[in-house]
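*Asks:* Shown below is the structure under consideration.
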Amino acid sequence: MDRRISGSTQLLGLIGDPVAHSLSPAMHNAALAAMGEDYCYVPFPVAAERLAVAVAGLAAIGVRGFNVTIPHKQAILPLLSQVEARAAAVGAVNTVYALPEGGWGGTNTDIDGFVQPLLGLEKGIPTLILGSGGAARAAIQGCLELGLGPVRVAGRSPEKLRALQQTWPQVETLSWAELDRHLAETRLLVNTTPVGMHKPGSLAELSPLSWEQLRLLPAGATVYDLVYVPDPTPLLRMAAELGHTPIGGLEMLIHQGAKALSLWLGGKLVPVEVMRQAARQQLAQIGDPNS
C-alpha cells in the first residue's frame, strides 16, 4: 500500500528515552497500512527533563495519542487531565489519548496486553509473580482482574513490597528466600524481572529461577516471562523442557499495542496478526529492543 504522508495524515507516537530500537513503530504502522488508515506512528526521544514541554508540544501539533515508555510512565501522571482508575491503581500510564474537550487522558494497556495470553486459564489458580517493580504492578492488576489467586509477589526490595501491599492488601508479599515453599502449588509463574534479558554484557544466560526450583512447580504449570529477548528466554526453555506451558513477553507487547491502537481509532478492530508479524520481523533485524 502507498503510505504517502499528506497534510491530512494524523499523528500517533511513542515518547521515551531511548526509543530508537522500539518495536512499536513497526507494529503500529503495519497495522495502520493494513487498515487503510491515514495515520503515521512516530517515535519521539524525550529526555526526562523535557517531558512537560514535549507533552505540551504534542498537544499543540494535534497528535491524537501516544504511547509512553521508560522513564516516563509514572512521571507523566500529573501532566494528564484524567487518568483511568486501573492506571491510577498501578501508578503508571503507557497510553495517552486526546480528550474531546482538550487535554490528555491516560490509561494502562500494559494490563490488557498482560492478560490476553492468560484468558484461557481457570479462575482461582495460585499465582506467583517474581519482581516488585513497575511491570509487577501491571501483572498484579491483571491477575486480580482475571480472578486468579491467591496472588503472591516475591521481590528483593522490602520497601517496594510494602508499597505493593498498600495498594493491593489482598496480595501476599514474600522475600526472595521465601518463594521456594510456594512453588509446589503455583499454577501460574510470572517473571517481571529483567533477568534473562539479552543486552550487551548481560544476564542473557541467567534465569530468575533454577532448574531445581522449576521442577517444584506442579505438572503443566504456566510460566510467563515478560522478557522477550532472547526468544525463548532461559527460563522458558527450561520450563518447556520440564513440560510446563511457556508464554513469552512479546505477546504482551503486541496486545498492549493493539489495545492502544483500537482506542485511538475509536474502537476499531485491529489486525493483531499483522502487528505480530511486523514485530517479529523487526525483532529479527535489531535483536535488542528497548520497548
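Quick reminder: no glycine exception, Cβ is built from N, Cα and C everywhere.
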*Asks:* According to Swiss-Prot, GLY131, SER132, GLY133, GLY134, ALA135, LEU226 bind NADP(+); identify which of GLY106, GLY113, GLY248, GLY249 is listed for that same site.
*Replies:* GLY249
*Asks:* Quick check on the annotation: Swiss-Prot has SER22, LEU23, SER24, ASN94, ASP110, TYR228 binding shikimate, so which of THR9, THR69, THR127, THR245 does it put in that site too?
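*Replies:* It is THR69, as the record lists it for that site.
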*Asks:* DSSP secondary structure for ASN94 (shikimate binding site), reduced to helix/strand/coil, please.
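*Replies:* Its secondary structure by DSSP: coil.
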*Asks:* When the number of other CB atoms within 10 A of each residue's CB is tallied over all shown chains, which of the binding-site residues SER22, ASN94 has the maximum?
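*Replies:* Buried the deepest by this measure is ASN94.
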*Asks:* How many whole Å apart are the CA atoms of SER132 (NADP(+) binding site) and ASN94 (shikimate binding site)?
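*Replies:* That separation, Cα to Cα, works out to 18 Å.
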*Asks:* Spatial neighbours of LYS73 (active site, proton acceptor) among the binding-site residues SER22, LEU23, ASP110, GLY131, LEU226, defined as Cα within 10 A: which are they?
*Replies:* none
*Asks:* Calculate the distance in Å between the alpha carbons (Cα) of ALA135 (NADP(+) binding site) and LEU23 (shikimate binding site), and round it to a whole number.
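*Replies:* A Cα-Cα distance of 18 Å.
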